[in-house]
């Protein structure tokens, strides 16, 4: 739910607009109802704090880079100092403070405006599908460092206030001890209780209702304890959220369980509670201008605080500015901090209204700006065509292999082995392990540069990296391998693939999949086919390729069939098949499909001429014994199905193009009952249950 939209609804319901009607206010906002609404408002923010914080993996602070660490420190210091300087400047030089606002309040407003929240940035990036983008990663990592410093400063400030303002020093020491005890109980009592509940929950199942009730009780105990020891009530929710185990069914699982209750039941109460305390008629245009000068200067300081270190570390200018815009977006956390300060009488009702109104307008504008700027920046235009067909045969082929399961490593290495040249320039392989963002607070793109220590128990991720490094060591002259791991949401996982493909100037992206693709895997395929800056191959492994690690190459015979119908995808497929045929263990069969007259089935004469040129060159340059070329006349789709059913299982791999000219007679009717359109008509037919083939399928898109 968009925070700005929530605030607009609250303002409309409050005394600024509809609330001017006294009968309406007396009916809906009588004294007793206000207490009830404020109670629900506090409970709403309590749950929001807990649910958003329990998704934060505290171990990620160890992974932030030097730039993010510096950004976090500078983001903490510069807006704070610049805000105080601006408050003094407005008070002394620019006509004074807003009417009725004392100096202490105006300076306090500058301090509050300089605060930022990781949870707000995370929510915005998640909604914009920018979590695993480069600006998104930098913003999240910087905000994590900033939040750590902010909470440390906050706790230190609370402790100093207790010691300096308390007449009874023993009482101050008691409060400090009670605060430390609360943290100890949350970590060493409440966390083990939640871990016990996780062990009692079967894998893949959600939490029982009774366990969810226990978590709610722990949440209320933590918040009540916070109030008793002189801390804001939501501090207990944040502490419990950080201590909550991040593995399913907790972590993100709690958000799915509680989301409906929070956003559709409690949130309306929160909106009304905020709107009731806003009265836009209290401040004049001059007051509003003074407030906006202060707010604008603090926001400008945040952009500068991010941009300067980023530019020093050679981050592109617009990337740095975009990160500055992202950290300036405000949300429900900011509004609740304003409300807390209003409740504690640190800011007036006029100041509260100005801050909420400014936050709403600022966030609405910045979200649109961030979205448009990133869409413009993310358009990848390679300076030359990155395809296998246009890569010279003597030039090194650059392949990005993508997979999402450890079991897919062996077929990926088999395909790498078949693509490896016997002599000449080495094959460059970039292995990308795709992991879903479900147990991490931060999307990651890890470049594995260091060797795995033999003295450390390797994780599943390390085992994958080790397998590729071992293969590289056995073929040092013909293969160069770099390993990556991408942790990203399902909907934007293709962004990491496209980023690496663009940065590494790859000629081909190979995505290894199972025949039973899930819906989100099909979405990944569609996104790659639409946005990838180079050719894409979808490899459906059926286990037909042997394990090259244990069988001598001289004793192997891998039979590959390339089905050539015509068009750019088929020409790309034939170019890659030609490279595979250079492997000493490969026997390549090429089936060129013709119509009943023995001519190309394509109607586009330009494409027919391109096909004829490629076929003639292929037959001229590849007359070796391991390449067999056949021309097959096909009239209808039934004949094509019979050919594939009869010949299919004689091969280990069948290669096809994905796109073909529309309304081809020999493909007529195939697309109507196609289950996996991402593979094209032929690719889908080869893995369909109708043919009952066991051959692996490699479908290419230029």
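Note: Cβ is positioned from N, Cα and C throughout, glycine not excepted.
Per TrEMBL, the feature domain 'Cation/H+ exchanger transmembrane' maps to 7-370. Feature annotation from TrEMBL assigns transmembrane segment to 35-56, 68-90, 110-128, 140-160, 172-190, 211-241, 261-279, 354-374. For 559-702, the entry in TrEMBL reads domain 'Cation/H(+) antiporter C-terminal'.
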Tertiary contacts of the transmembrane segment (68-90) (same chain, 6+ residues out, Cβ under 8 Å): 96-97, 106-107, 109-111, 113-114, 116, 138, 141-146, 148-150, 153, 290, 293-294, 297-298, 301-302, 304-306, 308-310, 323, 327
Per Cβ pairs under 8 Å, the stretch of 35-56, 211-241, 261-279 packing most closely against the transmembrane segment (354-374): 261-279
For the transmembrane segment (211-241), sequence-distant contacts whose Cβ falls under 8 Å of one of its Cβ atoms, 6 or more beyond its ends: 42, 45-47, 49-54, 56, 151, 158, 162, 175, 178-179, 182-183, 185-186, 190, 193-194, 197, 200-201, 254, 257-258, 336, 340
Contacting positions for the transmembrane segment (261-279) when only residues 6+ beyond its ends and CB under 8 Å are counted: 1, 6-7, 9-16, 19, 29, 34, 37-38, 40-41, 43-45, 47-48, 51, 332, 335, 339, 342, 349-350, 352-353, 356-357
